[in-house]
Amino acid sequence: MDLWQLLLTLALAGSSDAFSGSEPTAAILSRASWSLQSVNPGLKTNSSKEPKFTKCRSPERETFSCHWTDAVHHGSKSLGPIQLFYTRRNIQEWTQEWKECPDYVSAGENSCYFNSSFTSVWIPYCIKLTSNGDTVDGKCFSVDEIVQPDPPIALNWTLLNVSLTGIHADIQVRWEAPPNADIQKGWMVLEYELQYKEVNETKWKMMDPILSTSVPVYSLKVDKEYEVRVRSKRRNSGNYGEFSEVLYVTLPQMNQFTCEEDFYFPWLLIIIFGIFGLTVMLFVFLFSKQQRIKMLILPPVPVPKIKGIDPDLLKEGKLEEVNTILAIHDSYKPEFHSDDSWVEFIELDIDEPDEKNEGSDTDRLLSSDHQKSHSNLGVKDGDSGRTSCYEPDILETDFNANNIHEGTSEVAQPQRLKGEADLLCLDQKNQNKSPYHDACPAAQQSSVIQAEKNKPQPLPTDGAESTHQAAHIQLSNPSSLANIDFYAQVSDITPAGSVVLSPGQKNKAGMSQCDMHLEMVSLCQEDFIMDNAYFCEADAKKCIPVAPHIKVESHIEPSFNQEDIYITTESLTTTAGRPGTTEHIPGSEMPVPDYTSIHIVQSPQGLILNATALPLPGKEFLSSCGYVSTDQLNKIMP
């Protein structure tokens, strides 16, 4: 493809020689040459050994010059003299002919100089090189495109200041514009670029272009030699021209202590030594305070200590001695009055009270009370046997209708205890058939009648009458006392909160036992008044020492009903003293267990109560009135 283009160019050149006087032919040749170059810029009309244009420049935008290379001869063929032809590409004047270079000498060898008379700034130029009539190279350009100013002249520098350390200094570099550039009239506006470097360096440091002819250069090292040069170009167009002559700048030594190299503060060395010093101080501190730090990080395990007990006993595991010490000291004794929360209430089957109590002594004792309080039946007992002497603040409203009923209950409690003693005496009289016991019912009857006379009469309200009133009325009749059994079982609870007893095991005893019960009841009445169906162990002890112990000849095994039964204090006391006939020294005290804790719920109406622990021989008995466990009950029972 390149060969055919070359042949076409040669053909056009030959036709131009044949028609040298024809201007249109020359224009066609020039147009063809430039079209070939535009299609393939690397394409040259001549070989690489032929002359070609190197540059065209206008230093002041008024004149310009073009330069080319020398021709190289190859073989026997030699080129003729090189000629430059130019033409102005005026669109309106296509008839203008090609003209030869006006001056081959002023711009130097292998150059053509165009003075101001041949220079037109706004009209493009086309030039070509020919040898023996053949075009070897050509190009088109505008004068504004080839403006390259001459180098600035008269470079110098002045010292501005020196740093406090005497290591760096600032200078001011000045120069003058090219003498042929019309700067004063504004025909050209130039930009300047300054470059500097140390003498031994190869890379130049460039500064930003400026419009002025002076620029400061900062932070130059003292005792160093620098090279400075400047070049210029037309503002916003064109290329930079040649550099000016190199200006050498040498800064003298301002301080005799100034070193050749830069003085750098040894920050890294200071940081390393600082870290090392802090590490050493930290290790010294840890070594001196290691015991205290160890206690802070790993505190010692506290030694087991109990006030009044040797810690060695706990370490050696001597639990028996520890328990003995705990039993001696009052402050370590356990409390037995905690609530039994597993029993919430007792449900009573009182839908048909007449059928349940029909034909029994309880029916005869409480016949009048059931008629008056039948409308109040169906009440649930929420006490569950948990009330003790440690709970004196329980409201009386659960057992009485109003404050008047409270007075009635307080008076009725001693009468009830006395009535139970009378019942026991009557029962023994009927069994023994002894005339000696005939005086007991009379005394009992007189005491009951006297108690009823002294008892205040309450107002007639619902639930105000106690079941013991009916019991005392029945006791006043001598004919009915013979058939009354010993009441030791709870069969019902009235709406007012009183306990209804049922006949239990008969106790055979002599007349002295009857007198003992009467005297014990009278003494208990003098000391305190019982408010509840159960009483505290401390209160029971007040009654026990007065009663003398007698010799019991025979005992009958009490049979406990598995339904509707409460095991009371009297029944368990009788059972505990059953094995063998024993004689007691007069005046000795026999502790009576206090049954205030529910042990087993056998049926909706049957409960078995736990007794508090009796004092063992040689040990102090606990004075609290709390609930006791089954193990303590087993220790008391033989």
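Placed from the backbone N, Cα and C atoms, the Cβ positions cover glycine too.
Swiss-Prot annotations:
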- C56-C66: disulfide bond (DISULFID)
- C101-C112: disulfide bond (DISULFID)
- C126-C140: disulfide bond (DISULFID)
- 151-254: domain 'Fibronectin type-III' (DOMAIN)
- N46: N-linked glycosylation site (CARBOHYD)
- N115: N-linked glycosylation site (CARBOHYD)
- N156: N-linked glycosylation site (CARBOHYD)
- N161: N-linked glycosylation site (CARBOHYD)
- N200: N-linked glycosylation site (CARBOHYD)
- 297-305: motif 'Box 1 motif' (MOTIF)
- 19-264: topological domain 'Extracellular' (TOPO_DOM)
- 289-638: topological domain 'Cytoplasmic' (TOPO_DOM)
Tell me, if you would, which residue among C56, C66, C101, C126, C140 (disulfide-bonded residues) has the fewest other CB atoms within 10 Å in the structure shown?
C140
With every protein chain in view, what's the tally of Cβ atoms within 10 Å of the Cβ of N200 (N-linked glycosylation site), excluding that atom itself?
7
Kindly state the mean pLDDT of the motif 'Box 1 motif' (297-305) in the predicted structure.
76
In sequence order, which same-chain residues at least six apart have a C-beta under 8 angstroms from N156 (N-linked glycosylation site)?
V173, R174, W175, L247
If you count Cβ atoms within 10 Å of each one, which of the glycosylation sites N115, N161 comes out on top?
N115
For C56 (disulfide bond), identify the closest of the recorded positions C101, N115, C140, N200, judging by Cα separation.
C140
For C66 (disulfide bond), which of these recorded positions sit within 10 Å, Cα to Cα: C112, N115, N161?
C112
Could you round the CA separation between C126 (disulfide bond) and C101 (disulfide bond) to a whole angstrom and send it over?
12
What is the number of other Cβ atoms found within 10 Å of the Cβ of C112 (disulfide bond)?
27
Cα-Cα separation of N115 (N-linked glycosylation site) and C101 (disulfide bond), in Å?
11
Collapsed DSSP category at N161 (N-linked glycosylation site):
strand
Between the Cα atoms of N200 (N-linked glycosylation site) and N161 (N-linked glycosylation site), what distance do you get, rounded to the nearest Å?
24
